[in-house]
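Reviewing the structure listed below.
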Amino acid sequence: MPPEARQRHSEERLLGFPPSPDECRTERLLSQEDKGKTASTVHDIALAGHSNSSGALGEEENDGLHGPVASAPEYRVYKRRFFGLVQLVLLNIIISWDWLTFSAVSTTSSQYFGVRESSINWLSTAFLFAFVIISPAVIWTLNKGGPRAAIIAAGVLTFVGNWIRYAGARPPGGRFGAVMFGQILIGLAQPFVLSAPTRYSDLWFSDKARVSATAVASLANPFGGALGQLIGPLWVTKPSEVPNMVLYTAIISSIAAIPSFFVPAAPPTPPSASSTGSHPEVALSKQVRALLRSTSFYLILVPFSVYVGFFNSTSSLLNQILEPYGFSEAEAGIAGGLLILVGLVTSAVVSPFIDRTKHYLPAIKILVPLVAASYLLLVFAPPTRSLAAPYVACALLGATSFSLLPCALEYLVEITNRNAPPAQLRPSSPANIRATPPLPPPPLPVGPEVSSTVAWSGGQLLGAVFVLAMGALKDEAGGQGPGEPKGSMRRALVFQAVLAWAVVPLPLALGVGRWWPGWRRRKGRDGDGGVAAGRDDAGDGGYGDGDRGSDRGS
């Protein structure tokens, strides 16, 4: 068939004109290969038209006949991604260790500095408040400068803060104000690395490994707390040994902070279609406004903040919770270590499973009541005066909390970071092309650094509030109940358990009726090229078009 006839035939079919009898005879002259090429052209033109309206696809090529056609972008992962991940892990470990440096030996530290034990609690509380204060700068840094800028900022603040703490602890009796100032500087460093894992994993890792990467970096933070709980009592057996503990911690922190300057900024090509690195940047103000309109976000944010807050307060006050019942600082340190180490082991089993299945919401609905039950069990553990009871309660609390953490963080990304490329058209005939209405623009994505920083800030803020509230509920005079010793924190534990159960219905409401989060697994997008569409949150204003959404699958 002459080229002119081929072109005219193809154009008329694309425009949807019904074939005439002559054209039907002409069509039989086309070979099977030509039919395949024509179908490919139809598909490419449909993709190119939608790409021009949304700007979500990659580079463009010109076939000389039908104008620009979208080319398939290149996605790959790089080995260098593990260097940045390891650095995130190191900084999260050491910063959390710095946070609980004095909490694990609160009684001995109060004797050395000549202050009340409640003043030692303020070292943890000020650390948490510092997180909240610096959070807007963290969001801006991660959004504009990426994870590398955040990691460098955290390394510098950690280095300086540790040596200021040592300068305050070295003189006999110490200078508590200088120690507090150094502690606040380290607290300012924490959100830069605690909020970075979701952003870093989204930038560097494919969908098949994001939950695991987020879990490794995020759970390194409580692992550092476990080291502080276990090692602190071993280094400090009397007040005069407090300066040495601060010195050793400063040396380790400096070694961990130096590699921050060598972390790569971003991969040359994005790891998958759902990565933020493969899509246009959205103004930060628009992301924040979109986040505040999401009902589903609040249904996860509230329980996440409450449970992170209680975990922080329990870690800070565990020695004071157990000590009135005759437990030593070393035994309380072991309980704190079990709280975190058992949680890390459990999360190492759960996270890969969630990575493969993407069943974030079912996992959250199972784990949230278990976390609340663990806090209820903790109310009854210390009065037994048996090591087994608090050890078991702490182990269960750690296992459930640590399994929930990466699921909640990744689910927040799923329901807010809807930055997928637009759904692909699949025309099976020219009539279908003509009948298919234009797709609306893709929903506005919210960067993972925004949702995760807001969530972590809520947890740190409530953690500081809970430390103060539970300290105020401490029975300084004794007599709270039969068999309750002086200094008992039973009322604080009851308060903790009641509030932990009060927030359970919120995540359970997700996926029920009008609280459907409006997303579907994007399994096909990064794998088999499929399309998944859903509806947006009822009543929350949506993220753009209001009735289409998709999630980020494998």
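Any Cβ shown, glycine's included, is placed from N, Cα and C.
Keep in mind that this is a model prediction, so the values were computed, not measured.
Annotation source TrEMBL lists compositional bias 'Basic and acidic residues' at 1-14, 22-37, 545-554. Under the heading region 'Disordered', TrEMBL lists 1-39, 519-554. Positions annotated as transmembrane segment by TrEMBL: 82-100, 120-142, 149-168, 174-194, 215-235, 247-269, 290-312, 332-354, 366-382, 388-409, 454-473, 493-516.
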Candidates 120-142, 215-235, 388-409, 454-473; stretch with most C-beta pairs under 8 Å toward the transmembrane segment (493-516): 454-473
Highest-contact recorded stretch vs the transmembrane segment (174-194), from 82-100, 215-235, 247-269, 454-473, CB pairs under 8 Å: 82-100
Contact check, the transmembrane segment (215-235) vs the transmembrane segment (388-409), 3+ Cβ pairs under 8 Å, seq sep 6+: yes
Which of 247-269, 366-382, 388-409, 454-473 contacts the transmembrane segment (82-100) most, counting Cβ pairs under 8 Å: 247-269
